[in-house]
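Let me begin by presenting the structure, written as C-alpha cells, before commenting on it.
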Amino acid sequence: MASNMDREMILADFQACTGIENIDEAITLLEQNNWDLVAAINGVIPQENGILQSEYGGETLQGPAYGPTSHPTASSSTPSSSSAFRHVVPSRQIVERQPRMLDFRVEYRDRNVDVVLEDSCTVGEIKHILENELQIPVSKMLLKGWKTGDIDDSTVLKTLHLPKNNSLYVLTPDLPPPSSSNSGALQESLNQNFMLIITHREVQREYNLNFSGSSTIQEMTLAASGLTYPCHRLTVGRRSSPAQTREQSEEQCTDVHMVSDSDGDDFEDATEFGVDDGEMFGMASSALRKSPMMPENAENEGDALLQFTAEFSSRYGDCHPVYFIGSLEAAFQEAFYGKARDRKLLAIYLHHDESVLTNVFCSQMLCAESIVSYLSQNFITWAWDMTKEANRARFLTMCTRHFGSVVAQTIRTQKTDQFPLFLIIMGKRSSNEVLNVIQGNTTVDELMMRLMAAMEIFSAQQQEDIKDEDEREARENVKREQDEAYRISLEADRAKREAQEREQAEQFRLEQIRKEQEEEREAIRLSLEQALPPEPKKESTESVSKLRIRTPSGEFFERRFLASSKLQVVFDFVASKGYPWGEFKLLGTFPRRDVTQLDPNKSLLEVKLYPQETLFLEAKE
C-alpha cells in the first residue's frame, strides 16, 4: 500500500494526466486500481500511440526522447508530463538536429536585457554582450538562473540543453547597492505577501499560493524578482529534458515550466519558489512539514490554538479564517451567549496532516477570499488538530460533553482520508445542535453553498430569538419603569418627610437658642441690677446727677446717680433695663455725642453728665 506522501504524488500525477478535477472521483478511481497510476490512467484514457509504462515495469521499445524544444517528425508522440512515467515512442526515428537560436531575458535590478544567440555560443559571450549593455565589467558579474550548477564562461550553451526562452539574472556583490530610497522600497517588499495565481495548462485549473517577499528564486527574493504586487499571474506546465547520465538515458526527466504574464518575468522552475509538484496541486508532502499544527497533550487550549494559527499561516499564508484563541467553552460563550443580534454560528475545523485532502482543502477552499470573508462575518471559527492520537481523544471527549455521544461517534468513525472536517454548530436554548458536517472532498462553491444553507437555518432561528428577546426586554422595561416610578415616589415621600423633620428640628433648635439667650440675658440683667449702688435720696447732701433716658420705643425712665459715680454705673443701669451697651449706644443731645465711646471709668461729673442730662438709646448697626 502506498504511503501518504506517495499517494499525494500519485493523485497529483493522475489529475494532471486525466484532467479529472473532482478529488473524490480521482481517489475512487485510484482505489479501484489499488493506487496503480498506470492502470488507473489506462482505464480512463485509451492510448492510441503506445501505452503509459512504468519506469520499472515491462519491456518497451526504446527511442529518442524529445523535450519541448525538440522537433520530432509528425509520426512521433508528445512525451508524458508525469515525473514517474513516460510515453514510449516508436524506435529507430532519427532527426537531424539543426542549430537553434536561444532567447535570454536577463534581469539586473530594475532593468531587463534581451539577448539572442545560437546555442553554439558560450556563456562568456552572453556576459560580454551584457557588459556593453549594463556597463558592468565581466569580472564583477555573476550570471545566475541556470538549471545546472557547474557552469563557467567557457560552457557551450548547446551542452546545457536549454529551452528556447530563458530567464537569467545578474548579481554584482562587489558593486555598491542601490540608493537608499530603492533599498527602503525593497525592504518594505520583503515584509509583504505575494499572491501567485498559477494556471495549470494541462488540466486548465487555477491555484492561488501565498509567499512572503523574502521567499527566494534560487538566490533572488520574490521582492527583487520584479513580480507584480500584490498578485502575479503565472502559467505552469510540464516539459521534458534530455537524460543527464548514461544510466538515465532510457528515462525522461520532467520539471515544472512557469511563464509569467508580465514582461520579462519567466520562471523556469517552481521549486525555486520553495514549491514542489505536490504543492502546485495544493498537496504538500508531509515530509516537508517542519512542525506539527498543534503540540501533543497541550495543557492549555489557548496556547495550542496559538501554535495552530502560526503554523497554518506559515503553510498556507495569512489569508485564512481568523481562528478563535481559547477553549471550546469560551468559543461557545462568544458565539451563542451574547445578545440575539450579536450571536453567530460556530464553525469547528478539524485538521489532519495525514489526509491526502488536507492541503487541497486548506489552500484552495479554506483560504479562498470568499470563504474567509464569509466566515469572518457570520461565524466564530475554532480549530483542532486530529493528527495526534492524544489530541484526537481529547477532542472526542469534549465533543461527547457538548454535543452528545452520537456526534462523537460520527467523528470517531471518520477515516483519515475523509478529513479535514468542518462542523457547523448552532446554539439553542437548551443544547448545541450540529447543523452540518462537511468533509474535505468538496469544492469552494459547494462549501460556500453549505455555509449559506446553514446561515439560512440560523437566520430563521435568530429572528425568532430576536423577537422573543425584544418582547422580553419590552416587558422588563415596563417593569423597570414601574419600579422606577414607585422608587421615585418613595424617595419623594421620604425626602418630604425628612425635610419636615429637619424643619421641625431647626425650629426647636432655634427656640432652644432663643430661650437660652433670653435666660442668659435675664440672668445678666438681674446680676447687673443687683450690683447697682442704691439710688441717692432727694435730700442727699452729696452732689447728685439726674439722668433721663429715652428708649427706642419712646418710653422714658429716670434715675439719680452720685456725681462721683463712674460712667460704667450708668451703662449697667441701662443694661439692667434690657439694653446692653454692647447692642445699644447711648447718645447725648447738646452737644450730640456717643456716650458709650467715652471712658467708662470716668465719673459723671468728668464726662459732663451733671447735674442733669437727657440721653437717647439707639440700636447699633
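Placement of Cβ uses the backbone N, Cα and C atoms for every residue, glycine included.
Noted in TrEMBL for the protein shown:
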| type | residues | note |
| --- | --- | --- |
| COMPBIAS | 68-84 | compositional bias 'Low complexity' |
| DOMAIN | 540-617 | domain 'UBX' |
| REGION | 57-89 | region 'Disordered' |
| REGION | 526-545 | region 'Disordered' |
Structural state census, the region 'Disordered' (526-545) (DSSP three-state): 6 helix, 2 strand, 12 coil
Same-chain residues near the region 'Disordered' (526-545), Cβ under 8 Å, at least 6 residues beyond its ends: 559-565, 569, 572-573, 575-576, 604-605, 609-613
Taken over the domain 'UBX' (540-617), the model's mean pLDDT: 90
